[in-house]
Amino acid sequence: MAGGAFVSEGGSGGRDYEGGVTVFVVITCMVAAMGGLLFGYDLGISGGVTSMDEFLSKFFPQLEKQRVKAKHETAYCKFDDQKLQLFTSSLYLAALVASFVASVVTRKYGRKVSMFTGGLAFLTGALINAFAINVTMLIIGRLLLGVGVGFANQSTPVYLSEMAPAKIRGALNICFQVAITSGILVANLINYGTSNMAKNGWRVSLGLAAVPAILMVIGSFFLPDTPNSMLERGKYEEAKQMLKKVRGTENVDHEFQDIRDACQAAKKVEHPWKNIRQSKYRPALVFCSAIPFFQQITGINVIMFYAPVLFKTLGFGDDAALMSAVITGVVNVLATFVSLYSVDRFGRRFLFLEGGIQMFICQILVGSFIGLKFGTTGTGTLTPATADWILVFICVYVAGFAWSWGPLGWLVPSEICPLEIRPAGQAINVSVNMFFTFLIGQFFLTMLCHMKFGLFYFFAGMVAIMTIFIYFLFPETRGVPIEEMGRVWKQHWFWKSYIPDDAVIGGHDEN
């Protein structure tokens, strides 16, 4: 799914600094969790709201006729409406544009300004959605939510990674993913509760997004900026004092000098977009583009966005559809904890491959069950036993994604990009992810209408392709410092032809 990640400053083999986890760091973790919850909540809330009859009859009355017609013709086209899909997808188009603006704001004015802006935009969007009286207000609200997501995903992970001690920075990467999945689960639970309200349940669901937004605005207003950000803007003495406060020790000279050196080196990087097109950076360019593309084409956001709609399409009742979404949300959170335990024990390749095989099998089984019951005509009914089996396989599919392509889709691009191409690599990763998130959100229901159960075979085929891609082209990067990544590519049967013998990747070019 779409999400955020921390950009590691290095890998194993880095020096240890004095200091530990202070109360200050704990507070920053809480603020970061608000950023993750913001994104996760909005991932999960739209699917439940778009399955509520009151919401549909108020804003999309044409769907009622379409759904009545679908009862007699095809179940696959019950919710095929471009405006309805635009309600979901418009956020991610706005987030795509906002992320580029946020990168400039984050660098020029500091991380906390960007976090505050994101929280404020999200708060405004949530309130507009809660009080919407027409589709235009809904879309405007969603666009503002997208601006909030773009700013929050750009600044919050960076803020946390710079505040956290290096020894726990890698683990915090997946903790942010846990916050996102927790936000999805909270949204599913709220949708289940508000669906039973006599009136305006959808307003409550959309409006409650203001709660984490308010917490993020307040938190970012009171928290100071990071030492790294202060150094970037020439505030050397303030940066050193802040580092002492963050680490809880007076002896920060070594870490402060390393941060200062990194900031000075970063300022010398003038053309990251030009650098990344060089032959020796071809592996990084390919994976920063391909991994977010494959992450979205697994079909995971079909479940995250449209789980209740999908379950209602298959004949689940209103409460059953929402409860099924809650169950998949619980599985999503628990499986993300599995990745937290296993990513540094079994490695990236193993999780990529195991998760891919698991998702492929489940997509085939789900497509086959739906095909057997509904065929190409879309007429038929699910028995309780068949419905239960479909839910089980969707949960196993979600688990496979949550401990592999979910967190790794953000972790791997961040750890293979050296300093001189990191801004460009991360921008490509985020923009590709958001763009294909938008496409899936905008066209899934239309694809389901036209491709029917074959859509699940399509996603299975894409999962097979990306698993083969990883098997042949991705080397293990576990425990490899960024400055040594060039040696990994040089030893690979395919990428070695792109890496010059005298190239130094992860440091600076040899002139």
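Note that Cβ sites are derived from N, Cα and C of the backbone, with glycine treated the same way.
Database features, via TrEMBL:
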type     : residues : note
DOMAIN   : 28-478   : domain 'Major facilitator superfamily (MFS) profile'
TRANSMEM : 21-41    : transmembrane segment
TRANSMEM : 86-106   : transmembrane segment
TRANSMEM : 113-133  : transmembrane segment
TRANSMEM : 202-223  : transmembrane segment
TRANSMEM : 284-309  : transmembrane segment
TRANSMEM : 321-343  : transmembrane segment
TRANSMEM : 350-370  : transmembrane segment
TRANSMEM : 390-412  : transmembrane segment
TRANSMEM : 424-448  : transmembrane segment
TRANSMEM : 454-474  : transmembrane segment
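Highest Cβ pair count under 8 Å relative to the transmembrane segment (390-412), across stretches 86-106, 113-133, 350-370, 424-448, 454-474: 350-370.
The transmembrane segment (202-223) makes contact with the transmembrane segment (21-41), as judged by at least three Cβ pairs under 8 Å among residues 6 or more apart in sequence. Tertiary neighbourhood of the transmembrane segment (454-474): same-chain residues 286-287, 290, 294, 297-299, 302, 348-349, 352-353, 356-357, 359-360, 363-364, 366-367, 370-371, 447-448, 492, 494-495, selected by CB-CB distance under 8 Å and a gap of 6+ residues from either end.
Within its own chain, the transmembrane segment (113-133) is flanked in space by residues 31, 34-35, 38, 59, 98, 102, 105-106, 140-152, 154-156, 159, 203-204, 206-210, 213-214, 216-217, 219-221, which lie at least six positions past its ends and keep a Cβ under 8 Å from the stretch.
Using a cut-off of 8 Å between Cβ atoms, the transmembrane segment (86-106) and the transmembrane segment (424-448) share at least three residue pairs, counting only pairs 6 or more apart in sequence. Among residues of the same chain six or more beyond the transmembrane segment (321-343), those with a C-beta under 8 A of the stretch's C-beta atoms are 44, 47-48, 51, 171, 174-175, 177-178, 181-182, 184-185, 187-189, 191-192, 195, 303, 307-309, 311-312, 351, 391, 394-395, 398-404, 406-408, 411, 478.
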